[in-house]
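First the structure, in the form of structure tokens, and then the observations on it.
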Amino acid sequence: MKRFCLIVVFFAIVVAWPQNTESSRGLIRHRRGLVELLLTVWCYRDRLDIDLDKLHGYGCYCGTGGSGAPTDPYDACCFRHDCCYDHARVNLKCFSMVKWMPYWYRCKRGRTVCTGKSVCSRMSCECDKQFAECLSHVKSNSSYYFYDKSRLCPGPMMDCPKMFPSAKEVFKKMYGPRGDLTE
């Protein structure tokens, strides 16, 4: 299984690589999708406590679906990432674009810098960046790898925290108080 996942990751990188460009300020990415979520997390790989092939099936919220309470702080990062996407989808009116909206970012010195020019593209990047940063600060527990969500995660999805920015706040972060484009 691990070998298969490594092959998938390698293939995803090879497929996405022609869309990279170099600048004097770091690697710039031009489009977004699940591959780019993986590559955003990959930017933090030196600080992660889990193999990326184990992340998808970790706990109650990492990967597809999610219900019940997060199993631990690592799973809570996945829960908050789901909530961030939900916030962008519903409150910022990005709808399903939040998962597929092109966005620009740089991976520089093991950190992601979001440079998107629309609220939805910027929020997609910020969700992925916050997710990667969250994962880089917590420890995983091997008992939650390949977790049986259907059996061990009963109940509905928890309510999301009210911690995400409004469209005005995202716009302000993009353009600053004077309207200048910022990084």
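Along the chain as shown, residues are numbered 1 onward.
Placed from the backbone N, Cα and C atoms, the Cβ positions cover glycine too.
All TrEMBL annotations are machine predictions without curation.
The signal peptide annotation in TrEMBL covers 1-23.
If you look up TrEMBL, you'll see 33-154 marked as domain 'Phospholipase A2-like central'.
In this structure, Cys153 (disulfide bond) belongs to neither helix nor strand by DSSP; it is coil. Counting Cβ atoms from all protein chains shown, Cys153 (disulfide bond) has 20 others lying within 10 Å of its own Cβ. The disulfide bond feature in TrEMBL is assigned to Cys60-Cys153 (among others).
Mapped onto three states, the DSSP output places Gly63 (Ca(2+) binding site) in coil. When other Cβ atoms within 10 Å of the Cβ of Gly63 (Ca(2+) binding site) are tallied across all protein chains shown, the result is 15. Look at TrEMBL and you will find Tyr61, Gly63, Gly65, Asp82 tagged as Ca(2+) binding site.
Sequence annotations record features per position, and here TrEMBL assigns disulfide bond to Cys62-Cys78 (among others). Cys62 (disulfide bond) counts 29 other C-beta atoms within 10 Å of its own C-beta, drawing on all protein chains shown.
If you draw a 10 Å sphere around the CB of Cys134 (disulfide bond), it holds 18 other CB atoms from the protein chains shown. Annotation comment: TrEMBL describes Cys77-Cys134 (among others) as disulfide bond.
The active site annotation in TrEMBL covers His81 (among others). The local packing around His81 (active site), expressed as other Cβ atoms within 10 Å of its Cβ over all shown chains, amounts to 21.
Look at TrEMBL and you will find Cys84-Cys127 (among others) tagged as disulfide bond. Around Cys84 (disulfide bond), a 10 Å sphere centred on its CB holds 23 further CB atoms from the protein chains shown. In this structure, Cys84 (disulfide bond) is part of a helix by DSSP.
Summarising the annotation, TrEMBL assigns disulfide bond to Cys94-Cys120 (among others). Around the Cβ of Cys94 (disulfide bond), the number of neighbouring Cβ atoms within 10 Å comes to 22. DSSP assigns Cys94 (disulfide bond) to coil in the three-state reduction, outside any helix or strand.
Per TrEMBL, the feature disulfide bond maps to Cys114-Cys125 (among others).
Secondary structure from DSSP puts Asp128 (active site) in a helix. Feature annotation from TrEMBL assigns active site to Asp128 (among others).
Inclusion criterion for the recorded positions Cys77, His81, Cys94: a C-alpha placed within 10 angstroms of the C-alpha of Cys153 (disulfide bond); this criterion is met by none of them.
For Cys84 (disulfide bond), the recorded positions whose C-alpha atoms fall inside a 10 Å radius of its own C-alpha are Asp128, out of Cys94, Cys120, Asp128, Cys134.
Less than 8 angstroms from the CB of Asp128 (active site) sit Glu36, Leu37, Thr40, Val41, His81, Thr112, each of them six or more residues away in the same chain.
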